[in-house]
């Protein structure tokens, strides 16, 4: 049952929010290492106890989130309903990311890759000016994928290719859950291990790029003074909740399938360690790429 609980804690893809929380610290001129220290501390003080609590009440009361909190006290049923709504909203968010991933997967079968070079303009006399002013990667993301509008007050229209990708993502999710815990339990052995293989491939490739080690070094460089900033601890605490999927209700539901004699305390400790290590590992992968991108842009500015 542990692989299944690992996936439920760590969602179904490597956490995109954890590296993003580090990346936000760059814009705030904060060393990301200052974020990692409170994250790991709160993982122990906050994550493990609450994870153990959700495992224990689900395993003991043998019900979903709404039923569990209703059993504790009928007035607490609203907590279960709220967690269900949170899971629904987070599911919509993650499935949007899955749609983007599937869109890039479909386009990755082209040669050359569509984001590797700028397309020619309508007259075939030069590159598209919008792409030439930015980069081929940014152009593919903002124009070819999202087709963002030119102003914030213009919503634009539906992008049919993204609609198809989103429908495909929801269809894949439906197939995995069509027969409940039976099909989900079988799928988890692939979805809980494949991300580690992909992350390792990305890390090996990332470390071969120029400037990647500078990005990794920046990730693990702490600014001790920033530890005195309350917002750093607040962000780290929020990230623990998000990374562990605490208060989402899913952990309570999944743990209800465990035996009442299962050692849920041991499960909580093991899964917390795996979750924290995976978060740091995924951040390392991301920052190896960020280091390369920063070096590339620096070289472009120097040459220009």
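Keep in mind that glycine also has a Cβ here, set from the backbone N, Cα and C atoms.
Curation does not apply to TrEMBL; its annotations are automatic.
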From 4-28, 29-53, the residue range that TrEMBL assigns the feature transmembrane segment: 29-53
For the transmembrane segment (29-53): best-contacting stretch of 74-106, 158-175, 236-257, by Cβ pairs under 8 Å: 236-257
Long-range environment of the transmembrane segment (74-106) - Cβ separation under 8 angstroms, sequence gap at least 6: 11-13, 16, 64-68, 145, 161-162, 165-166, 168-170, 172-173, 247-250
